[in-house]
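Visitor: Pasting a structure below so you can have a look.
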Ligand SMILES: C[C@@](CO)(OP(=O)(O)O)[C@H](O)COP(=O)(O)OP(=O)(O)OC[C@H]1O[C@@H](n2ccc(N)nc2=O)[C@H](O)[C@@H]1O
Ligand SMILES: Nc1ncnc2c1ncn2[C@@H]1O[C@H](COP(=O)(O)OP(=O)(O)O)[C@@H](O)[C@H]1O
């Protein structure tokens with residue numbers, strides 16, 4: 001029996017603009033998405049249809065887990081009559097704006113695609129993912145990409161390597177709730193992606209921008225204060241709709257100073273982690289043997 005080890009990487013949103021509200025209630029966005037080397041670990045193997053077993057350290061019912069939802073969608077859309085056994089060890093916090101659930105869903109679809117020998121191309125796997133969440137297609141392409149539409153239209157760009165410090169508050173933030181607080185009049189000013197990309201392709205990261213900061217900072221003023229405390233040293237921004245913030249490391253010589261400052265400043269319950277860019281969203285290793 002074949003078993004796969006799957007690493008599903010988190011993402012940050014280096015630049016995030018909301019363009020307008022759509023008739024279907026969603027919003028058109030333009031986002032520069034970037035994977036970081038901070039991952040959840042999954043193991044997946046096939047079972048006879050329709051058996052499905054999920055073991056995970058995420059304390060939610062299996063039926064609500066995106067891994068199960070991705071399995072169901074995969075068999076529904078492809079018609080493959082397979083069951084699956086999945087082990088999921090989460091390190092990426094939930095409701096953190098790091099796309100952890102989305103990357104788990106993408107890893108499940110990719111794993112099933114390999115185990116069933118269906119060999120669907122990336123765009124077909126991304127189409128399956130899109131039915132479960134706007135963020136999911138990106139993880140099939142990974143690295144650095146521009147997402148448009150609801151977030152499902154992906155254009156890969158040349159990947160660049162940076163280092164960041166992630167700041168994890170001791171709570172998550174609901175994506176749906178934050179999107180629901182957008183007012184029409186807030187959607188008049190947009191950032192210059194052309195200039196951002198011209199610089200990015202040369203390895204220069206301009207100051208990150210996140211449209212949602214004004215909404216999130218109003219509700220969580222402590223996150224605004226964290227940004228203000230680090231801004232004199234380097235760039236800090238929110239990823240997605242939060243709750244994680246990322247600090248851009250411009251020089252390795254700054255790392256110690258920034259960590260010291262954060263350790264002094266952050267209240268109990270906050271965590272930090274130094275990460276670097278990851279050139280992929282999903283990494284799969286095949287393990288053969290008898291299990
Ligand atoms: C904000 C972003 C940025 O990467 O990520 P997170 O902070 O969640 O990681 C994404 O736009 C989140 O994508 P994702 O988390 O997949 O959202 P979905 O499950 O598709 O949608 C959750 C809810 O957010 C709203 N939504 C989402 C995407 C979008 N383009 N417009 C929206 O209005 C809708 O109300 C939807 O019901
Ligand atoms: N495998 C999973 N990992 C994380 N969250 C999951 C998963 N399956 C379902 N969820 C649900 O999805 C929601 C947010 O997903 P997550 O990807 O962690 O956040 P974000 O979209 O902010 O990056 C949470 O409410 C969580 O309960």
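Glycine is no exception: its Cβ is also placed from the backbone N, Cα and C atoms.
Per TrEMBL, the features are:
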- 11: active site (ACT_SITE)
- 65-143: domain 'GHMP kinase N-terminal' (DOMAIN)
- 93, 94, 95, 96, 97, 98, 99, 100, 101, 102, 103: ATP binding site (BINDING)
- 135: active site (ACT_SITE)
- 211-267: domain 'GHMP kinase C-terminal' (DOMAIN)
Visitor: Tell me, roughly as an integer, the mean pLDDT over the domain 'GHMP kinase N-terminal' (65-143).
Guide: 98
Visitor: From the Cα of residue 135 (active site) across to the Cα of residue 101 (ATP binding site), what is the distance in angstrom?
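Guide: For residue 101 (ATP binding site) versus residue 135 (active site), the Cα atoms are 9 Å apart.
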Visitor: Please list the recorded positions from 11, 93, 95, 103 whose Cβ falls under 6 Å of any atom in ligand 2.
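Guide: Once distances to ligand 2 are taken from each Cβ, 95 fall under 6 Å.
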Visitor: For residue 103 (ATP binding site), write down the residues of its own chain that are at least 6 apart in sequence and whose Cβ falls under 8 Å from its Cβ; none is a fine answer.
Guide: 8, 9, 10, 11, 39, 40, 92, 139, 281, 282
Visitor: To see if you understand the setup: which same-chain residues, six or more apart in sequence, place their Cβ under 8 Å from that of residue 99 (ATP binding site)?
Guide: 10, 11, 135, 138, 139, 240
Visitor: For the ATP site given as 93, 94, 95, 96, 97, 98, 99, 100, 101, 102, 103, which other residues of the same chain have their Cβ within 8 Å of the site's Cβ centre?
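Guide: Close Cβ neighbours, site residues excluded: 10, 92, 240.
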Visitor: Counting only other Cβ atoms and using a 10 Å cut-off, which of the recorded positions 93, 97, 135 scores lowest?
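Guide: Per-residue Cβ counts within 10 Å for the recorded positions 93, 97, 135 bottom out at 93.
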Visitor: If you run the three-state DSSP split on residue 103 (ATP binding site), which class comes out?
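Guide: The three-state answer is helix.
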Visitor: Just give the helix, strand and coil counts over the domain 'GHMP kinase C-terminal' (211-267), going by DSSP.
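Guide: Going through the domain 'GHMP kinase C-terminal' (211-267) residue by residue, I get 31 helix, 8 strand, 18 coil.
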Visitor: Could you check which of the recorded positions 11, 93, 97, 103 have their CB within less than 6 A of ligand 1?
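Guide: Cβ < 6 Å from ligand 1, in sequence order: 97.
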Visitor: With every protein chain in view, what's the tally of Cβ atoms within 10 Å of the Cβ of residue 95 (ATP binding site), excluding that atom itself?
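Guide: Here the count is 18.
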Visitor: I'd like to know which of the recorded positions 11, 101 has the most other Cβ atoms within 10 Å of its Cβ.
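Guide: Of the recorded positions 11, 101, the most buried by Cβ count within 10 Å is 11.
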Visitor: How would DSSP class residue 11 (active site) in three states?
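Guide: Reduced to three states, the DSSP call for residue 11 (active site) is strand.
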